Amino acid sequence: MSAPASKEASATANTLTPTQEADVPATASAHNANPNSTFGSSSLPSHPSSPITENVSVLGRAAESPEKVEHAATDTDSPVVQKHVKLGVKESGEEGESGDDIVYPGGLQLGLLTFGLCVATFVVALDNTILATAIPKITTVFPDSLKDVGWYGSSYLLTNTALQPSFGRIYTYFNVKSTFLFALCLFEAGSIVCAAAKNSVMLICGRAIAGAGASALFSGSMNIIGFSVPLRKRPMYIASISSMFGISSVVGPLLGGAFTDDLSWRWCFWINLPIGAIAIVTVTLFFKPQKRRANNMTVKQKILEIDLLGALLLICSIVCLLLALQWGGTTYPWKNSKVWGCILGFGLMIILFVAQQFRRGDRATIPPRIFGQRTVLCSSIYSCFLSMGLYAHIYFLPFYFQAVKGTTAEGSGIRTIPYLASIILSSIVVGAGITAIGWYKPFMIIGSAIFTIGSGTIYLLNVHSSAGEWIGYQLLCGLGAGAGVQIPFIAVQVVLSETDMPTGNAIAIFFNSLGGAVSISVAENVF
């Protein structure tokens, strides 16, 4: 081996943090992400057959094999080779963490698997939007339920948001396919409880159960794509799955109104069963998990690794935060003791949660090593703030059309189609663009800039705004949001190893959901 290559291999090995605990999977410490890289290299290979550029610390096995590092340093003209090694992307024959070659599915199998993941994501996203037009009818069916209306959405949102990091740990230690199918069945069970609800309390409980199942489905879809598609090709698949949120935002209110008027509001939940069944069948038949290195842990040890105390503290902190935001200024004055009690409770719980995470280290719900990696941290913050703006628009634009423009509920849903259609179009185009040129960071910056400008134009809408104005403003916002909404999930998969990827995905999605939940509560008080 040449001297430069030897020095590079030595430097690469020194960037790794070999802090492996006995009960953590053996690959965890060998795949530490580089904490000094903002959005990693922010690049993918420039050609489908060319190697992927990743941080050296992501590929711990490269440091363990100096020959691989030497090959990486000499087999490229990339300007970043001095700080990065290259991982060859192969449709088959790529080396996985188990030491075996990875054979990715292709053709019809991959197409049907992707379809199943899109369906699973769609049904979860649909459950977020379909209920809004049915709530007025539900309040007439259940006596004295008007006071519970806020909980119909909040109960789902609480469990959906708070349990996402915990499911990231579950995906790390348990079979990905089994965990995904269990979560999908849990979501279906919650839908059945909602559809058969005899009173308002039963409906709220069903929504909480459905939210618990839903918390694992989008992150699970990202994990399955990560194990089924080479990194170079993932942006297009991630874009396709992410676009389901935009589609459901259009279809949800329309279906909810149609079911409520022509059938029954209960069909807003019964509809989840056949759609979920399609996802269960396709994932069961067409997802063949790759072999992963065995960790020889018992089921009890795996359960203890999930950090149940951390999950409980996180749930309590989010409950306190959302209650304070939901009550303050509306149900109670901000100076009310109940509101301040929730705010203080949130502060106390979050301090205890952070202390618990540092105490457990890599065994935490949100491991500081992973969350502190710059790409993961920046992606989470980016996703949170983008989600805050996006959810506020999606939630309140229908109110503008109904209250200011005087349209019906169905009409307001139709008038938001430009916004949501542009999100879908932009998401798919950007996914294809990232796949083609191999860089995601420029799209991230441009998308957020366009979204910021579009948000400013939305503020200009008033009772006299013409159709051209509200259509054009929505298109501008949608193009910006669609360009950036998927990229944090791509960035996380670029810099994290196969072992850390489930946790990283869950962290990014958690902050995305948290941003949406907080923004809706804040916007309700502001507007």
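Heads up, the Cβ atoms here are built off N, Cα and C, so glycines get one too.
Here TrEMBL flags 1-53 (among others) as region 'Disordered'.
The compositional bias 'Polar residues' annotation in TrEMBL covers 9-20 (among others).
The compositional bias 'Polar residues' feature in TrEMBL is assigned to 29-40 (among others).
Sequence annotations record features per position, and here TrEMBL assigns compositional bias 'Low complexity' to 41-51.
According to TrEMBL, the region 'Disordered' annotation covers 61-80 (among others).
Annotation source TrEMBL lists compositional bias 'Basic and acidic residues' at 64-74.
For the domain 'Major facilitator superfamily (MFS) profile' (113-527), the model's pLDDT averages out at 85. Residues or ranges marked as domain 'Major facilitator superfamily (MFS) profile' in TrEMBL: 113-527.
Beyond the transmembrane segment (208-229), the same-chain residues lying 6 or more positions past its ends with a Cβ under 8 Å from any Cβ of the stretch are 104-105, 110, 113-114, 117, 120-121, 124, 127, 155-164, 167-168, 170-171, 176-177, 179-180, 183-191, 193-194, 237-238, 241, 272, 283, 287, 289-290, 489, 493, 498, 501-502, 505-506, 509. Per TrEMBL, transmembrane segment is recorded for 208-229 (among others).
Per TrEMBL, the feature transmembrane segment maps to 236-255 (among others). Residues of the same chain lying 6 or more positions beyond the ends of the transmembrane segment (236-255) and with a Cβ under 8 Å from any Cβ of it are 114, 117-118, 121-122, 125-126, 128-130, 132-133, 218, 221-222, 225, 229, 268, 271, 394, 398, 409-410, 412-414, 416-417, 420-421, 423-424, 427-428, 430-432, 435, 482, 485-486, 489-490.
What TrEMBL lists as transmembrane segment is 267-287 (among others).
Marked as transmembrane segment by TrEMBL: 308-325 (among others). With a threshold of 8 Å between CB atoms, the same-chain residues lying at least 6 positions outside the transmembrane segment (308-325) that come near it are 154, 157-159, 161-163, 165-166, 339, 342-343, 345-346, 349-350, 352-353, 356-357, 360, 364-366, 514, 517-518, 521-522, 525.
Annotation source TrEMBL lists transmembrane segment at 337-355 (among others). Residues 310, 313-314, 316-317, 320-321, 323-324, 327-328 of the same chain sit 6 or more residues outside the transmembrane segment (337-355) yet have a Cβ under 8 Å from a Cβ within it.
Annotated transmembrane segment per TrEMBL: 376-397 (among others), in sequence order.
Summarising the annotation, TrEMBL assigns transmembrane segment to 417-436 (among others).
Beyond the transmembrane segment (443-461), the same-chain residues lying 6 or more positions past its ends with a Cβ under 8 Å from any Cβ of the stretch are 39, 382, 386, 389-390, 393, 397, 400, 404, 426, 430, 433-434, 469-470, 472-474, 476-485, 487, 491. Marked as transmembrane segment by TrEMBL: 443-461 (among others).
Annotated transmembrane segment per TrEMBL: 473-496 (among others), in sequence order.
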Counting only pairs 6 or more apart in sequence, are there at least 3 Cβ pairs under 8 Å between the transmembrane segment (473-496) and the transmembrane segment (267-287)? no
Most CB pairs under 8 Å with the transmembrane segment (503-523): which of 267-287, 376-397, 417-436? 376-397
So what's near the transmembrane segment (376-397) in sequence-distant terms, Cβ-Cβ under 8 Å and 6+ beyond its ends? 33, 38-39, 249, 370, 412, 415-416, 419-420, 444, 448, 451, 455, 458, 474, 477, 481, 484-485, 487-489, 491-492, 495-496, 504, 507-520, 523, 527
Taking residues 6+ outside the transmembrane segment (267-287), which of them lie with a CB under 8 Å of any CB in it? 105, 109-110, 112-113, 115-117, 119-120, 122-123, 126-127, 130-131, 134, 177, 180-181, 184-185, 187-188, 191-192, 194-195, 206, 210, 224, 228, 255-256, 259-260
